[in-house]
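Feature list (source: TrEMBL):
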- GLU79: active site, proton donor/acceptor (ACT_SITE)
- CYS111: active site, acyl-thioester intermediate (ACT_SITE)
- HIS233: active site, proton donor/acceptor (ACT_SITE)
- ASP29, TYR143, LYS242, ASN275: (3S)-3-hydroxy-3-methylglutaryl-CoA binding site (BINDING)
- 2-163: domain 'Hydroxymethylglutaryl-coenzyme A synthase N-terminal' (DOMAIN)
- 175-243: domain 'Hydroxymethylglutaryl-coenzyme A synthase C-terminal' (DOMAIN)
- 261-386: domain 'Hydroxymethylglutaryl-coenzyme A synthase C-terminal' (DOMAIN)
Amino acid sequence: MDIGIDQIGFYTPNKFVDMVDLANARNQDPNKFLIGIGQDRMAVADKTQDAVAMGINATAEYLDQVDLEQLGLLIFATESGIDQSKSASLFVKEALNLPANIRTFEIKEACFALTAALQVARDYVRAHPHHSAMIIGSDIARYGLNTAGEVTQGAGAISMLIKESPAIIALEDGHASYSENINDFWRPNGSPVAMVDGHYSRDVYLDFFKETFKEYLAQTKLTVSDFAGICYHLPYTKMGFKAHRIAIQGQDEETAKRLSDNFQLSAKYSRQVGNIYTASLYMSILSLLENGDLEAGDRIGFFSYGSGAMAEFFSGKVVDGYQRRLRPGLHKRMLQERTRLGVGQYEDIFTEGLENLPENVEFESDANHGTWFLAGQEGYVRKYQQK
Ligand code: HMG
């Protein structure tokens, strides 16, 4: 029985900072950000777009095509949680009127969490054929103003429906996992920004890629030339490019070109949005599907990395007619119609986003009609509304 991705919804907030503006404001050569880091723009979430609101928006995109009687599981993957106890998924469930009898919870392991959700969802569908699972990854990456990590911030969400006979990607059997308790990136309780050992995190990412890719190839007896493309967790596009260079070492020209072309297509959305942590790998997959020209049966490799650290390599095959399930026009419009912030405006929004919300507060949203947003808090309970 094929199990995999049947729907993908994507949301990123309506504001961005241009990397040339940021480089100029930070006295850096713009090419360091554009080429050295590989980012063009960075999405900025204002206080009305928290992880929950973005997750609702990504899910609302395809909700009218879901058979809610089949839905049995809803998992929310995030490292930008809004509560130490209650699952973000319960807010989504209420906003979108999802059935009361589903199992639902939040899950965390840095940027690996949405992959954890995907594997749990796949096992759930395997055990409960004819049932489906919804998984959401939603995050705001915050390192702080004037930090080395600032250029690798971003915000956004991906929501996916996992079911049997999927319309987009059928997951293949097998996976290679690797974990170690290390301190490359973490966010202690009470800190609104991540702590990071940036250069070390870069090395560990590549070590974990080598380890899991080698193990996956050995386990499945596949060779690099069997892949039409490989999608990576993209904290910034240059990071994935470094892993890509390792993957194509010693390959024939045709394989190297195919994987290189598809890498660039998979990085298109990330160049515009920045790091969306848990959902970043899945935004790369969406970018390749919506900007590339894949054929039914093409095999795509997936490298998932979450700091701390946990990595996994796995793969899937593109399903015949997958294009009919995608909404590239909607996503391209969403990216094009964003407002370009001045660096000062971005700094104000960023600084406001670090503050704890008062017990009672109300917010207005400047997002498009139909967008879900955080409308405020009453007695420390967050309230979400649709514009
Ligand atoms: P940095 O120290 O400012 O930058 O921090 P650098 O000096 O290392 O330079 C970056 C690149 O720009 C280099 O290229 C330079 O040569 C190049 P590379 O050697 O890497 O190929 N460069 C230029 N290129 C063209 N023209 C120029 C120029 N100047 C320099 N004029 C760093 C960079 C990524 C470390 C920093 O931004 C950071 O700490 N970011 C956050 C951490 C991060 O993203 N780590 C990635 C791996 S960990 C991960 O993926 C997990 C994560 O998503 C979290 C989670 O799991 O939840 C982060």
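The backbone N, Cα and C atoms fix where each Cβ goes, and this holds for glycine too.
Close to ligand 1, meaning a Cβ under 6 Å from one of its atoms, are these of the recorded positions ASP29, CYS111, LYS242: ASP29, CYS111. Residue with the densest Cβ environment among the recorded positions ASP29, GLU79: GLU79, by other Cβ atoms within 10 Å. For ASP29 ((3S)-3-hydroxy-3-methylglutaryl-CoA binding site), the nearest of the active-site residues GLU79, CYS111, HIS233 in terms of C-alpha separation is HIS233.
When the alpha carbons of HIS233 (active site, proton donor/acceptor) and CYS111 (active site, acyl-thioester intermediate) are compared, the span between them is 8 angstrom. Look at the recorded positions CYS111, TYR143, HIS233, LYS242, ASN275 and count other Cβ atoms within 10 Å of each Cβ; LYS242 has the fewest. Counting in whole angstrom, TYR143 ((3S)-3-hydroxy-3-methylglutaryl-CoA binding site) lies 15 from CYS111 (active site, acyl-thioester intermediate) by their C-alpha atoms. Looking only at the domain 'Hydroxymethylglutaryl-coenzyme A synthase C-terminal' (261-386), the predicted model's pLDDT averages out at 98. Reduced to three states, the DSSP call for HIS233 (active site, proton donor/acceptor) is coil.
Secondary structure of the domain 'Hydroxymethylglutaryl-coenzyme A synthase C-terminal' (261-386) per DSSP (helix as H, G, I; strand as E, B; remaining residues coil): 51 helix, 35 strand, 40 coil.
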